[in-house]
Amino acid sequence: MPVRRAAVRPPDRQLPALSRPGHDTYIARVWRLFDFRFTHHPGTGATLLLAAAIYVNFFTHHYILDIRLGLFAATTVLFGRTWMYFKVWRVRRQMPLLLGLLLRALFIWLAENIGTGTRVWLYPNQVSTWAMVSWHKLGAWYLLMLVSYVLVTLVTKPEVYRHGETGRGKYK
């Protein structure tokens with residue numbers, strides 16, 4: 001029986017850039033299901049500039065200066081006070097928006113480690129022996145989540161949460 005070889009990703013290929021549409025769809029779907037509302041949400045112009053800078057950096061950081069640390073700081077400045085309110089069943093809950101995006105990025109990064117640990121696919125540095133997926137990828141996933149979120153806000157405008165409102169989500 002022939003041995004199946006794991007697929008090796010080319011080192012210059014950016015997985016986040018290739019799989020972005022699926023994340024947009026996920027965010028749009030949960031936004032509607034959980035009836036997202038926000039406090040202290042930044043304006044569209046500022047969020048678009050940040051998302052554009054993140055996206056450009058995904059492709060240019062191999063050739064020119066990597067401004068990832070500055071982008072992390074900019075996300076904190078812009079969204080640091082933003083809280084997301086969502087409805088689970090009939091109860092409103094809340095969390096900082098950046099925490100929600102970071103948790104999503106963390107779960108994707110963990111899944112990536114499981115995928116490479118089981119040799120479903122490998123990065124070039126994992127061909128001879130497995131190594132944990134770089135923490136840099138977690139940062140890339142976090143920034144990707146922010147880009148996806150901003151793109152969804154162009155279609156579904158963020159509504160302001162007003163204290164005491166019950167919402168109009170699917171499950172009332």
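The backbone N, Cα and C atoms fix where each Cβ goes, glycine too.
The transmembrane segment annotation in TrEMBL covers 42-61, 67-86, 98-118, 138-156.
Ranked by the number of CB pairs under 8 Å to the transmembrane segment (98-118), the listed stretches 42-61, 67-86, 138-156 are led by 138-156. Packing against the transmembrane segment (138-156) from elsewhere in the chain are residues 14, 16-17, 20, 23-24, 27-28, 31-32, 44, 47-48, 50-51, 54-55, 57-58, 68, 71-72, 75, 79, 97, 101-102, 104-106, 108-109: each is 6 or more residues past its ends and has a CB under 8 Å from a CB in it.
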